Amino acid sequence: MMISRPPPALGGDQFSILILLVLLTSTAPISAATIRVSPDCGKPQQLNRIVGGEDSMDAQWPWIVSILKNGSHHCAGSLLTNRWVVTAAHCFKSNMDKPSLFSVLLGAWKLGSPGPRSQKVGIAWVLPHPRYSWKEGTHADIALVRLEHSIQFSERILPICLPDSSVRLPPKTDCWIAGWGSIQDGVPLPHPQTLQKLKVPIIDSELCKSLYWRGAGQEAITEGMLCAGYLEGERDACLGDSGGPLMCQVDDHWLLTGIISWGEGCAERNRPGVYTSLLAHRSWVQRIVQGVQLRGYLADSGDTGSS
């Protein structure tokens, strides 16, 4: 991946349950199977580019969606429920009131051949964060996308968790990004456009602020953002990755901790990726999206739990 970024200044009776368990644990292909109950968040049913990234495995990240504009991949997003996706607000810019231009492709691994088990759904409307301004482009860079109809969950289409208030991300925590963005500046992901993944460590917020320092009163890194990546560059998100997830694993659940937002160039030295923090914007999402699932680390027991 190198991830898509805007310019920095702009931017369930028992029989039924038994059948479900068989479907979820079978090693045989289940191409026509769907999960008809609300599944646990952040838990892929199957295990295993971005700049310096590598191919992901089919259904490894079943919450990642492609947001299409006029039928072509434009940005990525993350599935929260059967009707809601979250992404970066800058993916829509001045087209917030033109949802018919966009659609969402779910369950795809290779965009060049998404296959019959993928689902394509229109967008009913887009709701950006109230503090987002497309002219400025970086502050509160988060938007909720309402799908035209409910989707069917399957082993390839599952929701991700949001972090609860117990979650902390100390520097050097290893997390992951994934997307279908360019593999270098000006070099699109080649056919068949296989979803790329990349491990990225969390970067200390004060260090990131210093790297992007623009002078007093002009702080580029704010409390609603977090940084991750490599100071030496070479590996990063790039164009077409915007809106995709920064995912951290807590026990056996994957949490959406950030949204790919911006940076300067792709994989440039001392210019790590900047992400919209879901820790900072979780409450806003919860007020709007019914049924979103939270998980986190409970300090007294070390278990996951919802809140």
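Placement of Cβ uses the backbone N, Cα and C atoms for every residue, glycine included.
Feature annotations, reproduced from Swiss-Prot:
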{"type": "ACT_SITE", "residues": "His90", "note": "active site, charge relay system"}
{"type": "ACT_SITE", "residues": "Asp141", "note": "active site, charge relay system"}
{"type": "ACT_SITE", "residues": "Ser242", "note": "active site, charge relay system"}
{"type": "DISULFID", "residues": "Cys75-Cys91", "note": "disulfide bond"}
{"type": "DISULFID", "residues": "Cys175-Cys248", "note": "disulfide bond"}
{"type": "DISULFID", "residues": "Cys208-Cys227", "note": "disulfide bond"}
{"type": "DISULFID", "residues": "Cys238-Cys266", "note": "disulfide bond"}
{"type": "DOMAIN", "residues": "50-290", "note": "domain 'Peptidase S1'"}
{"type": "CARBOHYD", "residues": "Asn70", "note": "N-linked glycosylation site"}
{"type": "SIGNAL", "residues": "1-32", "note": "signal peptide"}
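A 10 Å cutoff on Cβ-Cβ distances gives Cys91 (disulfide bond) a total of 25 other Cβ atoms nearby, all chains included. The number of other CB atoms found within 10 A of the CB of Ser242 (active site, charge relay system), across every protein chain shown, is 28.
Counted within 10 Å of its Cβ, the other Cβ atoms near Cys227 (disulfide bond) come to 26, all protein chains included.
Averaged over the domain 'Peptidase S1' (50-290), the predicted model reaches a pLDDT of 91. Counting neighbouring Cβ atoms within 10 Å of each of the recorded positions (Cys75, His90, Cys175), the lowest count belongs to Cys175. Within 10 Å of His90 (active site, charge relay system), judged by CA to CA distance, lie the following recorded positions from the set Asn70, Asp141, Cys175, Cys208, Cys227, Ser242: Asp141, Ser242. Within 10 Å of the Cα of Cys75 (disulfide bond), the following recorded positions from the list Asp141, Cys175, Cys227, Ser242, Cys248, Cys266 place their own Cα: Ser242. For the recorded positions listed here (Asn70, Cys208, Cys248, Cys266), the lowest count of other CB atoms within 10 A around the CB belongs to Asn70.
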